[in-house]
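Q: Right, I'll just put the structure down here and ask away after.
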Amino acid sequence: MPQEIINLDSDDENENTFERSNVKCHTTDIVELNTTDSDSELEIMGSNVSDTKTKEETPVTLTPQELLRKRMAHAAEQRLKRKFVEEDTDTDVSMTNNKRKNTSFKTKFNLNSATVTSTMMNRQSSRIRMISNTEYCKNYGIDGDVDTISLEDIVGSNDLVRTYQFNMLIDFDYLEKFVSSKDCEFFLINKSDDDHLHIKPSSWERFKIHSIDVSHKLLKFGTHHSKIMINFFNDQTCQIVIHTMNITEADHKIQTQMCWLSPRLSPHSDSSKYLDFNQPNVSIFSDTGTIFKRDFIAYLLTYENPEINKIIDIIAKYDFTPVDVVFVGSSPGTYEYQDWDKLTKPDAKPMLGYGRLWQVIHMLNLQSLTGKFVGQSSTIAGPCDNWKRNILVHMLTSCAEKGYPMIKKSDYVYKSGNKKLEPVIIWPTNDEILKSWHAPLSGIALHFTTKGKWKAYEQQYDDIKRYLHKWSKFTLQPGNSKAGRSNLAPHVKTYCVTEDNFKTLKWFMMTSANMSHQAWGKFEKFNLLKYTISSFEAGVFVAPMLLKLDSPSKKTTVLIPAYGKDTVEDVKLLSENKIKAGIRLPYDTPLQKYNENDEPWSQPASDRYFI
């Protein structure tokens, strides 16, 4: 287990998003970003550099909260040392034999046509996939890995020639264990300091690695929180992966994670179609894949990075027609929109953050006046202002209701029958985390401050505790969990609306975005569509009418929750004019509300377990 990588993933402005203990400074392999007037060139200098001068470190005074987080990181490291058993000698030898010596690698990449390979079992199966966790399932004796996707499935192909890894935390030496290709080139995109990127000195020599630092784009308290892979293969196909996992052993092994994978995409055979995404009058209904391509490229352009622009030049040549979900991204900046009516037309340009969620829901006519807006994440950040406005209760619910995304008043309380969505927040209790697989370590990436120097923390908690629901009611009986993740703490982030208590879903979204205004946007005024986003985020929105199914076009598609597998039972649903498509849920339903004795896993109360 890499000792330097400890996951304290949070986008709360008062949390230290990442801490490490026992940081080692390696001066034998240096990555320099040489900036010119027109470009930025990544230069890798080998271990034979002799005249490199290390900069003197300036002593840093840590706040009490930062000191506490540092202690938590140290505690986590010690616990991980005790929890995880080192791989035996045979495994180590096998892994060593699979590693590549990348001494004379030369990329051969051309754009010829290739066959599109679907990553779905069938067209009615869930577009959102569970990431497998065989150790967890074996430990609890449950069959919770049916239809799951593994890290080996995603990056383990012998034909993988190039992978772009966008993430917050990247432990390269953990990632490369799952890569079997001998000719793979790695591009690692994040805030590329020692706190966010871990690469052994020897790995720079053995693998072709490029590190792309995007820290210059981050606003104060912002993070590069997106979790994206762009993989290219020898047959010239490309696959986009959007997921919820930091590339660390802790994230992979002790937390619930999910992902979306595009089908294998092929280049256009006709070069005149390379700019298909930039044509007028494309519609989200008839050109869903092209809209995804347009929005994804628009997101990549916000990095304003020449190396990332090269990715755009490549994927612009690909045919995204098989894609049937909508990309929803966030990028640091302040955004203001005026003509609201034009923003919801089928060919409207993409917005970002909570504006994009509102835009997509209204484009597709998926607004709701009744039902539940269910949000589940690994961070509930501080309130949006000095009062107690919560991002889900006061903002995201408005995006899914009819009308414009007006921010609800700070004293808003949901009342049944008022033609508003009921806010539902899934958040594990203190007891659930303590009974989870690696408790209390499992809760180290879960951030929810209920008390602090800022009074608004307590005000927010007092306001939203009425909406809190448990992660699972089966922590004592994991075998009874339909979802198969009752004792595996959540790091996945999902949002959905159900109008019939989970018989069906009106829409579903998986994303990296927690319940925070840093991720979704902090509004300027309650009646203006003007807001500031601090972080990079990426997610996919699943809408039933956009799914490409093997069924007569006259049938209406309905999203049905799937538990423990990616498909739903083939039984009649309401009428023969409707066809079902599964959406895999990471949690069990019916949801169980907190009782009067339940306390959320939160700070500062949970800090006592790490001191």
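Here the Cβ of each residue, glycine as well, is placed from N, Cα and C on the backbone.
Relevant sequence annotations retrieved from TrEMBL are reproduced here:
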type	residues	note
ACT_SITE	HIS225	active site, nucleophile
BINDING	LYS227, LYS493	substrate binding site
ACT_SITE	HIS491	active site, proton donor/acceptor
SITE	SER516	site 'Interaction with DNA'
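Are these features on the surface or tucked inside, and what are their neighbours?
A: DSSP assigns HIS225 (active site, nucleophile) to coil in the three-state reduction, placing it in neither a helix nor a strand.
The number of other Cβ atoms within 10 Å of the Cβ belonging to LYS227 (substrate binding site), over all protein chains shown, comes to 28.
The Cβ of SER516 (site 'Interaction with DNA') has 29 other Cβ atoms within 10 Å, all protein chains considered.
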Q: May I ask for the distance between LYS493 (substrate binding site) and SER516 (site 'Interaction with DNA'), taken between their Cα atoms and rounded to an integer number of Å?
A: 12
Q: Report, in whole Å, the straight Cα-to-Cα distance of HIS225 (active site, nucleophile) from SER516 (site 'Interaction with DNA').
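A: That separation, Cα to Cα, works out to 12 Å.
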Q: Fill in the CA-CA distance, HIS491 (active site, proton donor/acceptor) to LYS227 (substrate binding site), as an integer in Å.
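A: About 12 Å separates the two Cα atoms.
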Q: Which residue, out of the recorded positions HIS225, HIS491, LYS493, shows the minimum number of other Cβ atoms inside 10 Å of its Cβ in this structure?
A: LYS493
